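Structure first, commentary second.
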Amino acid sequence: MKEFELNEYSFQEVENLNINTPNNNNNFGVVGDDFQLNSPDIQNSENQFKYIANELETDSKQYLSNLDAENNHNENDEDFKLRKYFENSQRVALGNGQKPKKMGVSVRNLTVVGVGADQSVISDLSTPIFKILNLFKPSTWKEKGSTFDILHDITLFNRDGGMLLVLGRPGSGCSTLLRLISNQRGSYVEVKGDITYGGIPAKEWKRYQGESIYTPEEDTHHPTLTVRQTLDFALKCKTIHNRLPDEKKRTYRKRIFDLLLGMFGIVHQADTIVGNEFIRGLSGGERKRLTITEAMVSSASITCYDCSTRGLDAASALDYAKSIRIMSDTLDKTTIASFYQASDSIYNLFDNVAVIEKGRLIYFGPGNKAKQYFIDLGFDCEPRKSTPDFLTGVTNPQERIIRQGFEGRVPETFADFEAAWRNSSMYRDMLEEQKEYERKIEIEQPAVDFIQEVKAEKSKTTSKRSIYTTSFLTQVKALIVRNFQIIWGDKLSLGSRYLSVFTQSFVYGSIFYNLETNINGLFTRGGTLFSVILFNALLCECEMPLTFGQRGILQKQHSYAMYRPSALHIAQIVTDIPLTIIQVFLFSIVVYFMFGLQYDAGKFFIFCFTLVGATLATTNLFRMFGNFSPSLYISQNVMNIFIISMITYTGYTIPKPKMHPWFSWFYWCNPFSYAFKALMANEFGDLSFDCQDTAIPSDPNKIIVYDNSYRICASPGASMGNLTVSGSKYIEESFHFRSDDLTQNVFILYLWWILYIVLNMFAMEYFDWTGGGYSHKVYKKGKAPKMNDVEEEKKQNQIVANATSKMKDTLKMRGGIFTWQNINYTVPVKGGKRLLLDNVEGWIKPGQMTALMGSSGAGKTTLLDVLAKRKTMGEVQGKCFLNGKPLEIDFERITGYVEQMDVHNPGLTVREALRFSAKLRQEPSVLLEEKFDYVEHVLEMMEMKHLGDALIGTLETGVGISVEERKRLTIGVELVAKPHILFLDEPTSGLDAQSSYNIVKFIRKLADAGMPLVCTIHQPSSVLFEHFDRILLLAKGGKTVYFGDIGEGSKTLTSYFERYGVRPCTESENPAEYILEATGAGVHGKSDVNWSETWKQSPELQEIERELAALEAQGPSSTEDHGKPREFATPIWYQTIEVYKRLNIIWWRDPFYTYGSFIQASMAGLIMGFTFWSLKGSSSDMSQRVFFIFETLILGILLIFVVLPQFIMQQEYFKRDFASKFYSWFPFAISIVAVEIPIVIISGTFFFFCSFWTAGLYTKFNEINFYFWFILILYLLFCVSFGQAVSAISFNLFLAHTLIPLLIVFLFLFCGVMVIPSSIPTFWRGWVYHLNPCRYFMEGIVTNVLKHTDVKCTSEDFTHFTNPEAVNGVTCKQYFPISEPLTGYVEAINEGDESKCGYCLYNNGEEYYNTLGWSFDNRWRNLAILICFWIFNILMVITFVYITRKPRR
């Protein structure tokens, strides 16, 4: 038997294959126009046959070989039919007794109830207050907002193997219908009605998750993975069990991988990273194809595609639809799709069409009958208008055309259309057809075969009731590989992390270098071990944003039934282990031996093993809070409270005996405490510490010699007459644990890690914070419109009509002639450079609209980036002129650029975003009222008047405006600026036909008013294409195919191609699709003509070059003197005010962030205050005061992590605004610093009042109390500004989290507490200690608190020793007189008994801080220095914002 080998292959362009309608024996499911398709090369047919056989669960390799032999006579036949190929493969499956999973869908009386717009308003800082007050108002307890029907009484069906096209304007409920059909029911108030899948009810269908999938409009992928890695992972998770006999999984995956990449034309991008809006990778169209390919890998029986052609050019979209058609026909795959701007070529591929308006079904039936249905209602279709555009346009009064004689008789509102449909004969026929289909289902019972096939696909170790194809172990393995690939794909962050750790290890090692083995090194050695735990804990902070960043991808892939969410966490654990081991080893190999810890291999590895456990536990603790929290800020603040508690109750700053009962339980629930005990036991267990020179009593001047028999070490664990202290005795008496418990403590530490793993798995399985892809809008209070209301619809239609009628009166543009010549753009790639634009030239004039077209990846967006001066990477060559002059500093300001990615600040409303653009970008001479009036006009024209007071929000949280509405807002933001030149990158992508028509008509008016503009457009209908005057057509590689006039009826354009042998363009054909087909655009398009070379030799190019030279020489026809060109429209002071006002609004509307800071400070204050409850005047209490202040230091450091995500997010929005010259870098930098000041002051005040009195720090000296509060506020301001400065220079949040610990080391290690100043190595003490702001904070606040503190030791605080001279009448003070440099005092333990003496280390607090070289007199100097450091941080923020002001693109 012949063995097949896998070779690479690709599909040819889809054409010339007759597609027949599936024989359903009814009048539904009729395909309109036939189309044809060329096959792949016959030499690769063996591989493709095997793929199909696998997809159909064929296990007959012999039969497949025979079938291949039968087809060998076609080897040189280029017309080998792909359809025939699929049909033959289907026969292979049937011949082996297997059947495809044939599952149709039947929907009856489906009603979906959503949250009304008035049910929730935009949250702000007043919202929680009013909610609390409402608890005391019984009248509000039963108040509920309104609901509305997103879908109302929908009844339709789609047979197995059928293709249903769902049409409707944005907001009509198309996406909701697709979600419900794919059985995604979360986030809706109520779902009524029935949906059955081949007779299986929706409730039972949950067991077959992954057999009906929803592919969302947005593209969500890991940006650092390549295409190959993304799809290979999906294939590993969806590899079926019933493959061909003896076929390896790897071979199976590779065959499908090659097939799908060939089908969608991304073979050459296989090793390109996916990228996103911030990371360069695939183009938008290529990323969309990857999304479709990933969905196909799932091999679902029912697939719902939501606007999946967004970003694809017309030819690629058609190729994609044809592939879907063939798979539906031959493999009985059921497809439901919702497309915006579908061409007739795509429309005709579908069996049935459903038209939805405002949640009402207004037509369902055969696609070839829909147009006539609406014509019979009284509507007329314009020539060359596509059928989908006509079907969605009839509901819009501004677009529809009423046939003569039907005036006043046609439906006007969505309710009228629904009533007309329900009264039609087609509706009754549809109901009968649905009943007949359901009877057929009852007879044939396709669910039986379906269930058997689903079970057969599952691996042997997968439960037959599981929704997953592969086993849990297989999922984990695939996820482990993917996790490593993700990490390796971001080498910068990985390298930065390890470099940071390695660098910090030397800092740690040098400051604690060669620790003393005498009694002076006892406490320092413990502090060293405590600090290494703290350092590794802070490194784990980066896990929090990573947890939130992967939620969208997890939700999508889980809906595809690729893997269990808990499997992802197990894979993360496996990934963590080697990375953590490397991190800990790099740190430990340096610090362990530089510290001078015990040179014992066993102890070194226990040290490493314990640190690994502590790091793993902390990492999973951070993830746990992320998985249990809906918001990053909530989890960040809660986690910071826990970190402070964990540090406090580690057992070092406050030993176990000093803990109060109300919080002491946390000591036992704290993994840090077990790690600390393990490290201490490991190091101290068999060490002894000498105190020969420091034993009590002693004479520093060496005059008095004491008998060693009566001397004792001044340390816990000491015994009379023994001048050494046992390490094990020391830790037992100081910290109340035994060194023998080392193994137990390590074991418990790892048990905490396991517990956090279990809790994470539980949270990931049962908590979904993404909203399931469903989003809802929130409005300002009282501004919510009525949803799906007839009167509201009429009102909105009238607004649009009025706006259209007064457009000419409003638009007054001032444009110029913009030319570009010989534009070349190259980017560095591995092994050299890549040319993306090749000698592109052209112009745009006032009054002209130029279309920029080409297949996906041809360089359209790249050209616009170059022309709009947005490129900051690569090399640009060529010349650009405006009115014959080189471009000046104001070019970006006077041009508008509608970018492909919709980047908006989520904390603003739609109206606020537009007004902000108008205020800062229109000329300052324009009155504010006029600017706002123009904003309202644009809102009306963009059909967004009802959205004016809606929060923009984010798609990830499910709160905010939709994808389509964001696109309209992107356009509106540029239009309100009244630019002189307008660049638009796919302005109609993702919009429905009517919205696209309105936008194109609007920019046509702009052009007619004198604005020159160029617009990339992927899928223009004939009607849209007619609005353009000229076209620049690009081929792959950025080569020019044509630049010139389109001509009336596109005759000038089409005649150019006809002149070189292309077939004539018919009257009914879309010219845009015609030229793309002619030039070989699309997934597998090709052309026999080298059009770029043809253009170079054409007379049209020579004429273009002559005119370009004339235009550059001519210059402007008239000039206006507007003074010196200005980079920004408004002065800096005005920009600063407006930016500050905007940030204030955003902060005001983010209670999670703002109140989170307040709560974090308050809770930290209460925890610390009650932990160090009512400190007295004992020696140990004085030490507790110092540690209380030290933990205040840590609070400020943790605040740094809170500001990171907010600053980095706002900086991304700033970069987008700066590129369009909204405002300069200085207003942003100074405003984002200023907006944090009141939050810091309030937070610090809360902390002060919650901790100062509870800890017993209050004194009768008001100046001291005030000073504590003042320097605390300054320190917190320093920390926040420090975090902002680091954020400003970081490329992403992960890098910022990596840099922060490196810098924090210098702050808390050199503050004078962890290591006293005299013990800091000379190298560091000479500069770092004096440049450390925390040193001045600690000196100022410690001297302030301890200045008036008198120390009175308790019996436990005294170092007890015997006075042998007591019998001779010598008192304790006489026996041991205190002389410098010793501090403290001596007294009898029991009054009247001078034989038992006690030594107290300090007399007062001043003696303590004098040993550190600190002075109370320096407190105001320290405060002034801290102010200087804060100002320095602000200058660094400003500097770094300036350096990074331009995005990398």
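Note: Cβ is positioned from N, Cα and C throughout, glycine not excepted.
Taken verbatim from Swiss-Prot:
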DOMAIN    130-383  domain 'ABC transporter 1'
DOMAIN    488-715  domain 'ABC transmembrane type-2 1'
DOMAIN    818-1062  domain 'ABC transporter 2'
DOMAIN    1152-1386  domain 'ABC transmembrane type-2 2'
TRANSMEM  577-597  transmembrane segment
TRANSMEM  602-622  transmembrane segment
TRANSMEM  634-654  transmembrane segment
TRANSMEM  661-681  transmembrane segment
TRANSMEM  747-767  transmembrane segment
TRANSMEM  1155-1175  transmembrane segment
TRANSMEM  1188-1208  transmembrane segment
TRANSMEM  1228-1248  transmembrane segment
TRANSMEM  1266-1286  transmembrane segment
TRANSMEM  1293-1313  transmembrane segment
TRANSMEM  1423-1443  transmembrane segment
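In this chain, the transmembrane segment (602-622) lies apart from the transmembrane segment (1228-1248): fewer than three C-beta pairs between them fall below 8 angstroms, excluding pairs fewer than 6 positions apart. If you look at the transmembrane segment (1266-1286), the same-chain residues 6 or more away from its ends with a CB under 8 A from one of its CBs are 1192-1193, 1195-1197, 1199-1204, 1207, 1232-1233, 1236-1237, 1240-1241, 1243-1245, 1247-1248, 1252, 1257, 1296, 1299-1300, 1303, 1333-1334, 1337, 1340-1341, 1344-1345, 1419, 1422-1423, 1426-1427, 1429-1430, 1433-1434, 1436-1437, 1440. With a cut-off of 8 Å on Cβ pairs spaced 6 or more residues apart, the transmembrane segment (1155-1175) and the transmembrane segment (1228-1248) reach 3 or more such pairs and are scored as touching. Through the fold, the transmembrane segment (577-597) approaches residues 487, 497-498, 501-502, 504-506, 508-510, 512-515, 517, 528, 532, 535-536, 539, 603-604, 607-608, 611-612, 615-616, 619, 683 of its own chain, all at least 6 residues removed from its boundaries and within a Cβ separation under 8 Å. Among residues of the same chain six or more beyond the transmembrane segment (1188-1208), those with a C-beta under 8 A of the stretch's C-beta atoms are 534, 538, 541, 545, 632-633, 636-637, 640, 643-644, 647-648, 653, 1150, 1153, 1156-1157, 1160-1161, 1164, 1168, 1172, 1175, 1232, 1236, 1240, 1243, 1247, 1251, 1255, 1257, 1272, 1275-1276, 1278-1280, 1282-1284, 1286-1288, 1290, 1292-1293, 1296-1297, 1300, 1304, 1307-1308, 1311, 1313, 1334, 1337-1338, 1341-1342, 1345. Long-range Cβ contacts of the transmembrane segment (1423-1443) within its own chain (Cβ-Cβ under 8 Å, at least 6 residues beyond either end) map to 1211, 1214, 1225-1226, 1228-1230, 1232-1233, 1267, 1270-1271, 1274-1275, 1277-1278, 1281-1282, 1284-1285, 1288-1289, 1333, 1336-1337, 1340. For the domain 'ABC transporter 1' (130-383), the neighbouring stretch richest in Cβ pairs under 8 Å, chosen from 488-715, 818-1062, 1152-1386, is 818-1062. Only residues 6 or more beyond the boundaries of the transmembrane segment (747-767), in the same chain, are considered here, and those with a CB under 8 A from a CB of the stretch are 554, 564-566, 568-570, 573, 610, 613-614, 616-617, 620-621, 623-624, 627-628, 671, 674-675, 678.
Model confidence over the domain 'ABC transporter 2' (818-1062) stands at 87, taken as the mean pLDDT rounded to a whole number.
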